[in-house]
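Listed in TrEMBL for this protein:
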- HIS177: active site, proton acceptor (ACT_SITE)
- 12-17, ASP37, ARG42, TYR67, 81-82, ASN97, SER103, 120-122, SER145: NAD(+) binding site (BINDING)
- GLN84, ARG90, ASN122, PRO123, VAL124, ASP125, ASP150, THR151, ALA152, ARG153, THR230: substrate binding site (BINDING)
- 7-144: domain 'Lactate/malate dehydrogenase N-terminal' (DOMAIN)
- 147-314: domain 'Lactate/malate dehydrogenase C-terminal' (DOMAIN)
- TYR221: phosphotyrosine (MOD_RES)
Amino acid sequence: MSLQHHKVVLVGDGAVGSSYAFAMAQQGLAEEFVIVDVFKERTVGDAMDIEDAQAFTAPKNIYGGGYEDAGDADLVVITAGAPQKPGETRLDLVDKNLGIMKSIIEPLMASGFDGIILVAANPVDILTLAAQKLSGLPTTRVFGSGTSLDTARLRADLGKKFNVDPRSVDAYILGEHGDSEFANFDEATIGGRSIKAFAKDANISDEDLDAILYATAHKAYEIIDRKGATFYGVATALMRISKAILKNENAVLPVGAYMDGQYGLNDIYIGTPAIINNQGVASVIETPLSDSEATKMAASAKALKDIADEAFAKINL
Ligand SMILES: NC(=O)C1=CN([C@@H]2O[C@H](COP(=O)(O)OP(=O)(O)OC[C@H]3O[C@@H](n4cnc5c(N)ncnc54)[C@H](O)[C@@H]3O)[C@@H](O)[C@H]2O)C=CC1
Ligand SMILES: CC(=O)C(=O)O
């Protein structure tokens, strides 16, 4: 039996990052875990705090560090960036967070890092593309959390509506992690049976399903209005994706993956199911879309591309 040693570097020890560090500790994932942030004292404090949980979970080497610690890391997770204030969209953060991403990728790559980058900072699809272009790493080894959180929200609401465990719902939010996202209701299933057929039996209308999509797409705003930020959901999604990478699971998960012709799209990252293993995105699953869903995917991609083109031009990317 080989002793596995996985090293993960977290960049951004705010609400999302520290919750992710805690989730990883709870799951006993990553034998070595480095926390990096401009607020250095906080990374040391968080590492000490999480260390106190190890006697109940699993021992690991967790410490506040710097980019010089990333050279031999398997995975770098980037949660550094300004979060939305009430009333702001994710896309409003683009210029500020692109500057932060640039300041991270340069020292990260200077460390000799050659692993996988997983991005969560918003607007995540655009920042993931920036991270890939700035790092020069293969597109399969740089990807984003994409619509993983949105898909979790959708499955939870559908689970409640149809009275089934959300883990048994096979439905996806696709497109931008943001206002132009959409659900694949025309193909979604529970136990292999179409959700639309379940809905018909239960007198649930298309308008009811659209209301579920609306609630999913607006849940971040609802949470931010009440507590200022969202973090537990995305931290758990990041933990789940990290586990698929570190354990080489070949798990099918919704992520923000690079488009190389899938859905007729190129050179953008967008929310889609993909197979995730220790190589990153092993392959993108181009899930079937009805005509109206394909139109929504194209519109979502255009919304992302327009913002990315404008923002990248400002930093010569
Ligand atoms: N993809 C998703 O589903 C979700 C993404 N987010 C995004 O995650 C990001 C972080 O959100 P929060 O943790 O709530 O924000 P936060 O403000 O609590 O934490 C951000 C952290 O980034 C650090 N930071 C800033 N500049 C840095 C730099 N140059 N290098 C290293 N660290 C730096 C800050 O010191 C701070 O600790 C935001 O962009 C937010 O919109 C939040 C929830 C869900
Ligand atoms: C903030 C954010 O992106 C979310 O909760 O979906």
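Here, residue 1 is simply the first one shown, and the rest follow in order.
Heads up, the Cβ atoms here are built off N, Cα and C, so glycines get one too.
Within the set of binding-site residues GLY12, ASN122, ALA152, THR230, ASN122, THR230 have a CB atom less than 6 Å from some atom of ligand 2. Residues from the recorded positions list (ASP150, ALA152, TYR221) with a C-beta closer than 6 Å to any atom of ligand 1: none. All protein chains included, VAL124 (substrate binding site) registers 31 other Cβ atoms within 10 Å of its own Cβ. For the binding-site residues listed here (GLN84, SER103, ASN122, THR230), the lowest count of other CB atoms within 10 A around the CB belongs to SER103. If you take the Cα of SER103 (NAD(+) binding site) and the Cα of GLN84 (substrate binding site), they are about 20 angstrom apart, rounded to a whole number. Between the alpha carbons (Cα) of GLY12 (NAD(+) binding site) and ASP150 (substrate binding site) lies a span of roughly 21 Å.
For the domain 'Lactate/malate dehydrogenase C-terminal' (147-314), the mean pLDDT of the prediction comes to 98. Taking DSSP states H, G and I as helix and E and B as strand, the domain 'Lactate/malate dehydrogenase N-terminal' (7-144) has 63 helix, 25 strand, 50 coil. Whole-number maximum of the Cα to Cα distances across the substrate-binding residues GLN84, ARG90, ASN122, PRO123, VAL124, ASP125, ASP150, THR151, ALA152, ARG153, THR230: 20 angstrom.
Within 10 Å of HIS177 (active site, proton acceptor), as judged by C-alpha distances, the recorded positions found are ASP150; the full candidate list was ALA15, ASP37, GLY81, GLN84, ASP150, TYR221. Neighbours of HIS177 (active site, proton acceptor), defined as other CB atoms within 10 A of its CB across all chains, total 33. Around the Cβ of the residue listed as 'phosphotyrosine', the number of neighbouring Cβ atoms within 10 Å comes to 16.
Taking all protein chains in view, 18 other C-beta atoms sit within 10 angstroms of the C-beta of ALA15 (NAD(+) binding site).
Recorded residues ASP37 (NAD(+) binding site) and the residue listed as 'phosphotyrosine' have their alpha carbons 26 Å apart, per Cα-Cα distance. In this structure, the C-alpha atom of the residue listed as 'phosphotyrosine' lies 9 angstrom from that of GLN84 (substrate binding site).
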